[in-house]
Amino acid sequence: MAREKWASKLGFMLAAMGSAVGLGNIWRFSYVAGENGGGAFLILYLGFVFLIGIPVLLAEFSIGRQGQSDVVGSYKELAPNKPWYLAGFMGIASSFLILGFYSVVAGWSLYYFWNYINGSFWTIPDAGYGATFEGLISNTTTPLFWHGLFMVLTILVVLTGIKKGIEKASKVFMPTLAVLLVLLAIYSVTLEGAGEGLRFLFQPNWAKIDSGVILAALGQAFFSLSLGMGAMMTYGSYLPKSESLPSATVGIGIMDTVFAIVAGIVIFPAVYAFDISASSGPPLVFITLPGIFAQMPFGSIVGLLFFFLLSIAALSSAISILEVPVAYFMRRFKWSRRFSSIFIGVIMYFLGVVVSLGFGVWSGVTPIGDLGILDSMDYVASNILLPLGGLAIALFVGWQWSVKEALSASDMTNLGVRYVWLGIIKFLAPIFIVLIFLQSIGIIG
Ligand code: PFF
Ligand code: NA
């Protein structure tokens, strides 16, 4: 059977943007920025997005489109008998780790959406949103239902190929989410105490930077851009060779970043206005946002709309994560798309069960240091495996390919910035990633 293809370049763009924009921009960006001191983290994150992220994203797309196969197959196709494909397996491992927790958090979002439908979040619950949220996630069964529902939706989209439907839908929903976020940002900066939140987000306090903050900023850049795992490689592989990559890449990178910054402008003023700790971790947006909605005019409708759109954004990201192993297993074991999606989705569901219980009965389980189950899986995937995947991508395009091959595969041959890009891919990105790793394991100060 011939491999599937995007119907148009727009289809590819929408799918790739749908992959990039998700919980990472709103949920993860806010809490990671909050835990890592705000302003200085933001600068590092922006630096990594533009200096490393976007150039490596172009490299990842190029490998996929050139290899015309899944994350393992593309490397094997382009460099048979070389070990590059091991990076592909790393990507598959990351996809399990990431979707395992992503789906749990998306389940929280769905549950919030439901609470805005049935009215229970229209007014502040007696216990407050914070305690109500803690009650939800520490519960054994409720979050598992919503996580399950989200996983079922993800599987359905991946197995039926109604991806086209999702692409069309994201054409409407993504701009709506953008407009809603901007409106919320405008409302949020008028909150009492907003100034302090904005200072937290935008005023760099360089004293807060240490190796942990640097690694967190790198991990966030990779996570948010869907970079280093093979999602973008797989999406690139459904693109015919005739489409041009650089402008699409830059567009995706900038849009993803703007979403994160605007989300930050929504969240941090509210964090200070409602006296929530910026370092609350994963619950941060779930306790902050409903507080904003409760105060603002038409807040119940805004909340309903917001959590609907957030869930859709999460869905369009989740399908790109599931697509990575599904594409691999389909090719490697000749599984049908249907069987592949269900089988892998179910395994990921059970991983998510572990994550979810990590907020309740297993809250004492800390696989890495004092990190709980979600944080540990996220740390390994986002801060280690994704940058390592990015390192492999950069080294492959920079060193395995000739200059000519690299430029032609990326459609950079005629662009003035081609050598800047190539310099980044060959030297700067790999060196930065390695240095950040060495620093974070304490080998260099
Ligand atoms: N980029 C997505 C987000 O910001 O929510 C998450 C994600 C998707 C991470 C795909 C990794 C990935 F391969
Ligand atoms: Na993102």
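Cβ coordinates are placed from backbone N, Cα and C, and glycine is handled just like the others.
Note that TrEMBL annotation is computational and uncurated.
Taken verbatim from TrEMBL:
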| type | residues | note |
| --- | --- | --- |
| TRANSMEM | 12-30 | transmembrane segment |
| TRANSMEM | 42-63 | transmembrane segment |
| TRANSMEM | 84-114 | transmembrane segment |
| TRANSMEM | 144-160 | transmembrane segment |
| TRANSMEM | 172-191 | transmembrane segment |
| TRANSMEM | 211-236 | transmembrane segment |
| TRANSMEM | 248-272 | transmembrane segment |
| TRANSMEM | 292-318 | transmembrane segment |
| TRANSMEM | 339-359 | transmembrane segment |
| TRANSMEM | 379-399 | transmembrane segment |
| TRANSMEM | 419-444 | transmembrane segment |
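Highest Cβ pair count under 8 Å relative to the transmembrane segment (84-114), across stretches 42-63, 172-191, 248-272, 339-359, 419-444: 339-359. The stretch from 144-160, 211-236, 379-399, 419-444 that makes the most Cβ contacts under 8 Å with the transmembrane segment (248-272) is 211-236. The transmembrane segment (419-444) makes no contact with the transmembrane segment (12-30), as judged by fewer than three Cβ pairs under 8 Å among residues 6 or more apart in sequence. Between the transmembrane segment (42-63) and the stretches 12-30, 144-160, 211-236, 292-318, 339-359, it is 211-236 that has the most C-beta pairs under 8 angstroms.
If you count C-beta pairs under 8 angstroms between the transmembrane segment (339-359) and each of 12-30, 144-160, 172-191, 211-236, the highest count goes to 144-160.
Outside the transmembrane segment (211-236), and at least 6 residues removed from its termini, the chain residues within Cβ reach (under 8 Å) are 12, 15-16, 19-20, 24-25, 28-29, 32-33, 35-37, 40-41, 44-45, 47-49, 52-54, 56-57, 60-65, 67, 70-71, 74, 88, 91-92, 94-95, 98, 245, 252-253, 256-257, 260, 317, 320-321, 323-324, 327, 379, 381-383, 385-390, 393, 433, 436-437, 439-440, 442.
For the transmembrane segment (172-191), the list of distant contacts is 14, 17-18, 21, 26, 197-198, 259, 262-263, 265-267, 269-270, 273, 292, 295-296, 302, 305-306, 309-310, 312-313: same-chain residues at least six beyond its ends, Cβ to Cβ under 8 Å. Counting only same-chain residues 6+ beyond the ends of the transmembrane segment (292-318), those with a CB under 8 A from a CB of the stretch are 15, 18-26, 99, 102-103, 105-106, 109-110, 112-113, 116-117, 119, 121-124, 129, 150, 153-154, 157, 166, 169-170, 173-174, 176-177, 180, 184, 187-188, 191, 226, 266, 270.
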